[in-house]
Amino acid sequence: MDSHVDLSFLLHALIPSWNSVSLLMGFFTYLAVAGSILPGKLIPGVALPDATCLHYRCNGLLLLLLLIVLLGISAKMGVVSSTAISNRGLELLSTTFFFSFLVALILYFSGFKSKSKGSSLKPHISGNLIHDWWFGIQLNPQFMGIDLKFFFVRAGMMGWLLINLSILMKSIQDGTLSQSMILYQLFCALYILDYFVYEEYMTSTWDIIAERLGFMLVFGDLVWIPFTFSIQGWWLLRNNVELTTAATVANCFVFLIGYMVFRGANMQKHIFKKNPKAPIWGKPPKVVRGKLLASGYWGIARHCNYLGDLLLALSFSLPCGISSPIPYFYPIYLLILLIWRERRDEARCAEKYREIWTEYRTLVPWRILPYIY
């Protein structure tokens, strides 16, 4: 009987409502309008195969902070509830999923009709509808002048923070706020804010440069990032964890090391792409045949940035203790994903750089974690 009640409650909670639709549409409308109006650095993207170059308005930090202020004022005035998201978690999840599905279909059919010959909008059609819908057929589709790929990844990262803040308000309201919840919230907030401080670095990532926009990326940005990266917060709402001082210190240490490696490696790569002669750690960079950076973090492991990412993911889960594997879903998933991605990167680089890559592998033998992998 209980399982039947739980199942019917779950199914009911997953049905989108007008409230969840209006929350989602309000969020996207704000991002589109304010993102186009607010000042920000105009960053040129990587040159496309046809020699054109997209420009990105990097005002994400201002956009996010203004949104939090507006939501805070609205909550004070009783216009919106600070726990609106945490009260409708499953409903918003299903609403966002259906939205992602529809967007991918629209992208497929609109892209299919495109006659553009430019790299940005030229359709790449395999003839397999499911394949093309999943991976996308256009590199940089736009809507009303907005680059959708950049827009969706920005929405996903902001959505993650908004979910977390609503969970935080729910725990305060319920009187269950714990040291574990504070640690989790602090680490995630610092990571997300840092992302927007260095938003321009996003313009040189693989997703932006090379992946076409289909269901895989839309779902990944809008559903996977905000709703799975916040699992620890949802879990802590219903489970009390008492951390020892040693565990708290160790958790902070994992976060700081992870951040140092993640941000440092990505910064070195971004700077190297802009200026190949810029010093790394105070010394001229070691470059394999003028192509591949083998200094700094990139001289320690070929994908050292993945190590930083994994340590950060682990630091988000450690506040939950070790009584359940559920809060560790994100770091476990990320480990599998990054090893798979690293294998694909290796194959792609071996084909692209050939003997230069062989030389780089000899110079930097470790893939992600020195002396282990």
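Cβ coordinates come from backbone N, Cα and C, glycine included.
Taking Cβ pairs closer than 8 Å, the transmembrane segment (20-40) reaches residues 57-60, 62-63, 66-67, 70, 84-85, 88, 91-92, 94-96, 99, 144-146, 151, 154-155, 158-159, 162 in its own chain, all 6 or more past its ends. Residues or ranges marked as transmembrane segment by TrEMBL: 20-40 (among others).
What TrEMBL lists as transmembrane segment is 61-80 (among others).
Per TrEMBL, the feature transmembrane segment maps to 92-112 (among others).
If you look up TrEMBL, you'll see 151-169 (among others) marked as transmembrane segment.
Residues annotated as transmembrane segment in TrEMBL: 181-201 (among others). If you look at the transmembrane segment (181-201), the same-chain residues 6 or more away from its ends with a CB under 8 A from one of its CBs are 41, 43, 56, 58, 60-61, 63-64, 154, 157-158, 160-161, 164-165, 167-168, 171, 229-230, 232-233, 236-237, 243, 248, 251-252, 255, 259, 263, 266-267, 270, 312, 315-316, 319-320.
Feature annotation from TrEMBL assigns transmembrane segment to 213-237 (among others).
Annotation comment: TrEMBL describes 243-262 (among others) as transmembrane segment. For the transmembrane segment (243-262), same-chain residues at least 6 beyond its ends with a Cβ under 8 Å from one of its own Cβ atoms are 179-180, 183, 187, 190-191, 194, 297, 304-305, 307-315, 318-319, 321.
The stretch with the most CB contacts under 8 Å to the transmembrane segment (92-112), chosen from 61-80, 151-169, 213-237, is 213-237. Tertiary neighbourhood of the transmembrane segment (61-80): same-chain residues 30-31, 34-35, 38-40, 154, 158, 161-162, 165, 192-193, 196-197, 199, selected by CB-CB distance under 8 Å and a gap of 6+ residues from either end. Here the transmembrane segment (151-169) has long-range neighbours at 27-28, 31-32, 35, 60, 63-64, 67-68, 71, 82-86, 89, 177, 181, 184-185, 188-189, 192, 195-196, 199, 202, 207-208, 213, 217-218, 220-222, 224-227, 229-230, 233-234, 236-237, meaning same-chain residues at least 6 beyond its ends whose C-beta is under 8 angstroms from one of its own.
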